[in-house]
Amino acid sequence: MNVIEGVVAAPDARVAIAIARFNHFINDSLLNGAVDALKRIGQVKDENITVVWVPGAYELPLAVSALADSKNYDAVVALGTVIRGGTAHFEFVAGECSSGLSAVAARAALPVAFGVLTTESIEQAIERAGTKAGNKGAEAALTALEMIKVLQAIKA
């Protein structure tokens, strides 16, 4: 039986991080976690990391699509936070963001790591951005690196 698994050390990986400005006080922590994981655990060089800011989570799929189409990156990490409010806006933004990012990954055959928090409250978002529940930005970055290696192994 053949088993394909990836490792997270990828010193030559070229990684883009697309991040939403909306809810920046939470997203900044996601970004810090992602960059730290890429550099410290993944051993990715600073010059191989590109950060692209967009207005909100809804705009992430378009930016990630452009990054994928550029062929300049081995993976893209999408970071943002969508917090439920009193209207249906949450469902629309979270759903379109998630399905849009998934569609880009499948179309471009490029790892697109989902680091977009979809929470019921600000407190839950803060917990997932580096306090009680770890840092989902770091987790997404490591997922991207592992998927780079998995796809390389599949193609080998």
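The backbone N, Cα and C atoms fix where each Cβ goes, glycine too.
Computed from a predicted structure; not experimentally measured.
Listed in Swiss-Prot for this protein:
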type     : residues                                : note
BINDING  : F22, A57, Y58, E59, T81, V82, I83, F114 : 5-amino-6-(D-ribitylamino)uracil binding site
BINDING  : G86, T87, R128                          : (2S)-2-hydroxy-3-oxobutyl phosphate binding site
ACT_SITE : H89                                     : active site, proton donor
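Shown here: features listed in Swiss-Prot, placed on the structure.
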residue : record                                           : DSSP class
A57     : 5-amino-6-(D-ribitylamino)uracil binding site    : helix
T81     : 5-amino-6-(D-ribitylamino)uracil binding site    : strand
G86     : (2S)-2-hydroxy-3-oxobutyl phosphate binding site : coil
F114    : 5-amino-6-(D-ribitylamino)uracil binding site    : strand
R128    : (2S)-2-hydroxy-3-oxobutyl phosphate binding site : helix
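Taking only the Cα positions, the spacing between the residue listed as 'active site, proton donor' and F22 (5-amino-6-(D-ribitylamino)uracil binding site) is 14 angstrom. Among the listed binding-site residues, namely V82, I83, the Cβ with the most fellow Cβ atoms inside 10 Å is that of V82.
Listed in sequence order, A78, S98, L101, S102, A140 are the same-chain residues at least 6 apart in sequence whose CB falls under 8 Å from the CB of F114 (5-amino-6-(D-ribitylamino)uracil binding site). Proximity of F22 (5-amino-6-(D-ribitylamino)uracil binding site) to non-local residues of its own chain (separation of 6 or more, Cβ distance below 8 Å) is seen for P55, G56, A57, G80, T81, given in sequence order. Neighbour counts of Cβ atoms within 10 Å were compared for the recorded positions H89, R128, and the top value is held by R128. By neighbour count, meaning other C-beta atoms within 10 Å, the densest spot among the binding-site residues T81, T87 is T81. Same-chain residues at least 6 positions away in sequence with a Cβ under 8 Å from that of G86 ((2S)-2-hydroxy-3-oxobutyl phosphate binding site) are not found in this chain. The 10 Å shell around the Cβ of Y58 (5-amino-6-(D-ribitylamino)uracil binding site) contains 19 further Cβ atoms across the protein chains shown. E59 (5-amino-6-(D-ribitylamino)uracil binding site): 18 other CB atoms within 10 A of its CB, across all protein chains.
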